[in-house]
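Swiss-Prot lists 18-23, 41-56, Asp225, Glu391, 407-408 with the feature FAD binding site. Look at Swiss-Prot and you will find His49 tagged as tele-8alpha-FAD histidine, backed by similarity to another entry. What Swiss-Prot records for His246, Thr258, His357, Arg402 is substrate binding site, and it gives similarity to another entry as the kind of evidence. What Swiss-Prot lists as active site, proton acceptor is Arg290.
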Amino acid sequence: MTKSYNIIHHKFDVIVVGAGGAGLRAAFGMAEEGLNTACISKLFPTRSHTVAAQGGISAALGNMGADDWRWHMYDTVKGSDWLGDQDAIEYMCKNAPDAILELEHYGVPFSRTEEGKIYQRPFGGMTTEYGKGKAAQRTCAAADRTGHAILHTLYQQSLKHKVQFFIEYFAIDLLMENGECRGVVAWNLDDGSLHCFRAHNVVLATGGYGRAYFSATSAHTCTGDGGGMAIRAGLPLQDMEFVQFHPTGIYSAGCLITEGARGEGGYLVNANGERFMERYAPAAKDLASRDVVSRAMTIEIREGRGVGEHKDHVFLHLNHLSPEIVHSRLPGISETAKIFAGVDVTKEPIPVLPTVHYNMGGIPTNYHGQVIIKDGKNHNSVVKGLMSIGEAACVSVHGANRLGSNSLLDLVVFGRSAALKAAELIKPASPHKPVSEEALEKIISRFDKIRHSSGNISVADLRLKMQRTMQSHASVFRTQEVLDEGAEMISEIRSGYKDIKVNDKSLIWNSDLVEALELDNLLDQALVTVYSAAARKESRGAHAREDYPDRNDKEWMQHTLSGVDEAGKVVLDYKPVTLTTLSDEVKAIPPAKRVY
C-alpha cells in the first residue's frame, strides 16, 4: 500500500502538531533551546482557534488591587470542583505572572490602565483572600481580542526562531513502536503527497473536539484530531465527561460573547426582567463560575422564565454601560452582536443561551506536558516520545470545570514547560530510533480505506446525527436513562462509519476526505464522553446529574480514563486526583462545599 503513494520522509528533533497558542509557544521554545523543530498545521497558524479567545488571560499581577498567586490557585482548585491536580495548578498559577510579562516583552498589545500598567478585569470565580474577599481583577486583557493578540505575537516569535512550518498538512496518525512515539504521518492538502515525520518527540497541540456537538463556540476545525490519534494508538483519554457550556453563546448562532462582558458590568435577566443570578449565587451573582451560571440559565428556561417567542433563552444587558466603555473594552462583541443577533448592545440586550465551549478532558499529561498512562500501580508512567498541551491535553488544571481566562494561561505556561522538558531530554541531531514498515503500512492502509469508502451514508449526515445526539443526550443536565440511551445511539452512529461514502477520491484539496478523517476523530471522542458520563454517578463541575445531584468525594474524587478497544467497545478505568502541592509555599486545599 505504501508503494501506491508518494511518501516523503523527514527527520526532526521535535514535531509539534497544531499551531494554536500552545503549539506555537512549545515550537519556538524548543527551537530557542537549539532543537530542530517543525510545526504541522491543517490551517494557517493565525487561523487557529486561539484567535477566537476574547476575554483575557489570568495572572495575579495585582495591577488593579491586591492579589496573590495562592489566591488564584485556591480559585482554580475550587473552580475545578476538586478534580484538578493541585501540583499542576500550583505550577500554572505560580508561573502565571512571569508568563504575562514574557508575553508583554514578546509584543502582546495588552490594554493599559491610566498609569500604563496592564489592564485587568474581573472574571467568574476569581476572588481574593481564598474566597473570603471581594472579586479579583485578575484577567489581563487586550480589549476583547486577547487570543488574537497573543496568537499573532506567538507566530511572529516562531518565525523569529526559525521554526519550520508545514502549513495545510493534515496529521493522520502517530508512528508508535513498542509503546513509544517515534513520529507522525501527515497528508499535504496542497499537492496530495504523504509525509512521514520522524522525531524524538511529538507534541499534540490540536485543540478540543467541540464540533462533536451541534451548537458550539468552536470553529468547524475543532475536531479533536490529537485525541483521535491518541485513542487509535491505544492510549486512554482523561475526564472526557466534563464538557463546558459557556453561559453566553448568541442565541441560534452559537457565537461567543465573552465573560468579560459580565466582568465589565453586564448582567443576565429572565422574562420578568429579574437579575436571577442573585438567587443562585448571592455573592458572585453573574460572575459565578461557568457551570453554575449555565445551570441557572437552563433552570430559568425550563421553569418558563425564558425570553423570546419560544421562551428558550435569556437576555444579557450591556445597555446600561457607557458607550465609551463598550467601544474601548468590548469592541469585538459589539460587532458580533450586531452581525449575529442584529442588536446594538448600547441600546438593546443580547439574546444568549449556554453553548458548548471547552473540553476539560483530553490526553492525560504531567505538568511537563509528557503524556502519561496507568501502568500497574504507577498512575503516571510516561509514554516516551509523546507530549500533549493545550485543550487537547488534560494536565489536569481545570478538573471538572475551567475558570474563564485560565485557558490562555494553560497554553503559554505548559507550552513553555514542554519546551524546557524537551530540551532536557533530547540531544540535538541525535540519531532516530527505527520505525517498522508495518507501522507505516497500517497508517497508510487506514487512510486509503477511508479515501475509497463507497458506502451509503454521507459524512455530513452521519456527523449531524452525532452532533444532535450529543446535544440532546450529553448536555447541561444529565440522567442515567438519557445517558444510557445516548451511549447506545453514539455506538450505533459510530458503527455506521463503516458505511460512509467519500465521493471525491482525489488527493489535492479534498475537503470530503478531510471531513471524513475529522469525523472519525470526533466519533471516538463522542463515544468515550457519553460512556464516561453514564458511569460517573455524581454531580461535579460541568457534569450535573439530576438523579445524583450531590458531589461524592468518597467514591468519585478520581479521574476517569477512557479508551476504545479494537472491537469498538469503551474501556473505563480510574486513578486518584493529586491532592498534594509541589512546594511548601502553599498548602493543599482540602475539599469543601462549592458555593459562590
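Cβ atoms here come from the backbone N, Cα and C positions, even for glycine.
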Report summary line: Near substrate: residues not in His246, Thr258, His357, Arg402 with Cβ within 8 Å of the site Cβ centroid are Thr217, Gln244, Pro247, Leu256, Glu259, Arg290, Tyr358, Gly404, Ser407
Requested in this report: Tally every other Cβ atom lying within 10 Å of the Cβ atom of Val51 (FAD binding site).
Outcome: 19
Query raised in the report: At the level of the C-alpha atoms, what whole-angstrom distance separates Ser407 (FAD binding site) and His49 (tele-8alpha-FAD histidine)?
Result: 12
Report task. Return the maximum Cα to Cα distance in Å (whole number) over the record's substrate-binding residues: His246, Thr258, His357, Arg402. Result -> 14
Report summary line: Spacing of the two Cα atoms, Gly55 (FAD binding site) and Arg402 (substrate binding site), in whole angstrom, works out to 14
Report summary line: Whole-number Å distance separating the Cα atoms of His246 (substrate binding site) and the residue listed as 'tele-8alpha-FAD histidine' is 16
Query - Where His357 (substrate binding site) falls in three-state DSSP terms - result: strand
Requested in this report: From the binding-site residues Gly18, Ala22, Leu43, pick the residue whose C-alpha lies nearest to the C-alpha of Thr258 (substrate binding site).
Outcome: Ala22
Report task. Would you find the one among the binding-site residues Ala22, Leu43 whose Cβ has the most company, meaning other Cβ atoms within 10 Å? Result -> Ala22
Report summary line: Arg402 (substrate binding site), Cβ-centred 10 Å count of other Cβ atoms over all protein chains shown, is 28
Query - Residue pair Leu43 (FAD binding site), the residue listed as 'active site, proton acceptor' - Cα distance, angstrom, rounded - result: 30
Report summary line: Here the binding-site residues are Thr258, Ser407; the one whose Cβ sees the most other Cβ atoms within 10 Å is Thr258
Requested in this report: Please tell me which one of the binding-site residues listed here (Gly18, Ala22, Arg47, Val51) sits closest to Arg402 (substrate binding site), measuring Cα to Cα?
Outcome: Ala22
